[in-house]
Amino acid sequence: MDPNQRIARISAHLNPPNLHNQIADGSGLNRVACRAKGGSPGFKVAILGAAGGIGQPLAMLMKMNPLVSVLHLYDVANAPGVTADISHMDTSAVVRGFLGQPQLEEALTGMDLVIIPAGVPRKPGMTRDDLFNINAGIVRTLSEAIAKCCPKAIVNIISNPVNSTVPIAAEVFKKAGTFDPKKLMGVTMLDVVRANTFVAEVMSLDPREVEVPVVGGHAGVTILPLLSQVKPPCSFTQKEIEYLTDRIQNGGTEVVEAKAGAGSATLSMAYAAVEFADACLRGLRGDANIVECAYVASHVTELPFFASKVRLGRCGIDEVYGLGPLNEYERMGLEKAKKELSVSIHKGVTFAKK
């Protein structure tokens, strides 16, 4: 490689060349195959909304993941700065930035996993559904580009309200003829992370050793922790069950209020999103028994979408697990969750079909 090519390679994150021109004139790297020199083969990951409150820590943590060989960072503003900053980290993933709608398709071409934290954050007094009118349109636009440029990629949706944005993405993919229920997942991992943490606090355990299934959806009463199925098995009083359920359901509000208008749960959300993305990549690699909770197309209930345990594999979701035995408190919670979820799903589908 001559010096000009080396310089072009190093500075590509600041002003990514057009993919079609690159192929036509044979200069620079083939973006689809680019990888750090000496880096081990891995997966190509795009983050849409990479310059936001969730996107920045998410991008940093994904740059640290050894399973990532190429990391594309897209946003409508500030993407070059975030990309330049993260690209200085001495890990093997090649980082490239993409700015604005004209570069969206190039950002998505050839990706194995697309993570979407794009959208506006919650502020005090706002519910996740208050975000709907802004974030629904963003998710629809991004999903249309995914359907065109990387229809076989696994898609992780973080943008709230997840209960509605996942159905929106599904409808866009159906319209494009690319919908694969195994590859579309709403990220509810933060509910699981919170549940593990709060249960560990109550029971004086190491949170890394606690597993709490959280099913339903990703907002308020649709978040249903199955405390009867905690591992290791724990015995809770009714007061503890009610306290834990309420705190898990309102963990996001707790952070929004604590930040007093300065943001929402960005850092813990980025951590949870990376945990889930890593599980998806390990599944793609062929690792066995990768089981996490996610909001997916489902037959577990009568609703078309529902969060439950899923087993991840080379094609995305290999299996969607049922709920298992529920106690009376959980059965009552399930009925409340389904009622609200049904409205949110319908809202998303209706928006996408307009």
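All residue numbers here begin at 1 and follow the chain in the order shown.
Any Cβ shown, glycine's included, is placed from N, Cα and C.
Here is what Swiss-Prot records for this protein:
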- His218: active site, proton acceptor (ACT_SITE)
- Gly49, Ala50, Ala51, Gly52, Gly53, Ile54, Gly55, Asp75, Asn135, Ile158, Ser159, Asn160, Met269: NAD(+) binding site (BINDING)
- Arg122, Arg128, Asn160, Arg194: substrate binding site (BINDING)
- 6-14: region 'Peroxisomal targeting signal PTS2' (REGION)
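Ranking the binding-site residues Gly49, Gly53, Gly55 by other CB atoms within 10 A of the CB puts Gly53 at the bottom. Under the three-state DSSP scheme, Arg122 (substrate binding site) falls in the coil class.
For Asn135 (NAD(+) binding site), the nearest neighbour among the recorded positions Arg122, Arg194, His218, judged by Cα separation, is Arg122. Geometry remark: Ala51 (NAD(+) binding site) versus Asn160 (substrate binding site), CA distance 17 Å. Taking only the Cα positions, the spacing between Gly55 (NAD(+) binding site) and Asn160 (substrate binding site) is 14 angstrom. If you measure from the Cα atom of Gly53 (NAD(+) binding site) to that of Asn160 (substrate binding site), you get 14 Å. A gap of 12 Å separates the Cα atoms of Met269 (NAD(+) binding site) and Asn160 (substrate binding site).
The Cα atom of Gly49 (NAD(+) binding site) lies nearest to that of Asn160, taking the recorded positions Arg122, Asn160, Arg194, His218 as the candidates. Across the fold, the C-alpha of the residue listed as 'active site, proton acceptor' and the C-alpha of Arg122 (substrate binding site) stand 14 Å from each other. Spread of the NAD(+) binding residues is 18 Å (greatest Cα-Cα distance among Gly49, Ala50, Ala51, Gly52, Gly53, Ile54, Gly55, Asp75, Asn135, Ile158, Ser159, Asn160, Met269).
Least packed by the Cβ count within 10 Å, out of the recorded positions Arg122, Arg194, His218, is Arg122. For the binding-site residues given as Asn135, Ser159, Asn160, the lowest number of other CB atoms within 10 Å of the residue's CB is seen at Asn135.
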